[in-house]
Amino acid sequence: MQDHGIYVPDQDASWEREPHAFEELLFRYQHCDAPRCSCPLGRSHHQEDGRWKMVVCDSCGSQGVHASCGNVGGSHWICTECRQIINRVQPSSRPAVALKSTRHSSPKLSRSTATTRTKRLGHSVTRSARRPVTRSA
């Protein structure tokens, strides 16, 4: 970076030098956020396996449920808030790929050359399909 005139100090960032700065990253979320927790020992009880295993949201990790309270078969679960956001972004009634496609010809290309623009999830992809031009004598 110094070759480009940018000075970067050779030291750790100031927030990394604070004692116990990353200590909370060692703790895992252990609270049942199900609307009705059925655990007899309470929302904060958890086990490594079984009905009272705590399963955290696969998307955000900030909410969790007991396997029994959330009716979770395995160890994968998505909280209600994340599910709402995912459904808003990719509703199940619509395909993930938009079907809007337009064909047009360019004056610089032959009549048999078509350019297809396809919009998929907000991104525009351009694809040219060239066919050999045959001329009859």
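One-based numbering along the chain as shown.
From the backbone N, Cα and C atoms, a Cβ is placed for every residue, glycine too.
Automatic prediction, not curation, is the source of TrEMBL annotations.
Quick look at what TrEMBL lists:
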DOMAIN    27-83  domain 'PHF7/G2E3-like PHD zinc finger'
REGION    92-137  region 'Disordered'
COMPBIAS  107-116  compositional bias 'Polar residues'
COMPBIAS  117-137  compositional bias 'Basic residues'
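In the predicted structure, the domain 'PHF7/G2E3-like PHD zinc finger' (27-83) carries a mean pLDDT of 92. Residue counts of the domain 'PHF7/G2E3-like PHD zinc finger' (27-83) by helix, strand and coil are 4 helix, 8 strand, 45 coil (DSSP-based).
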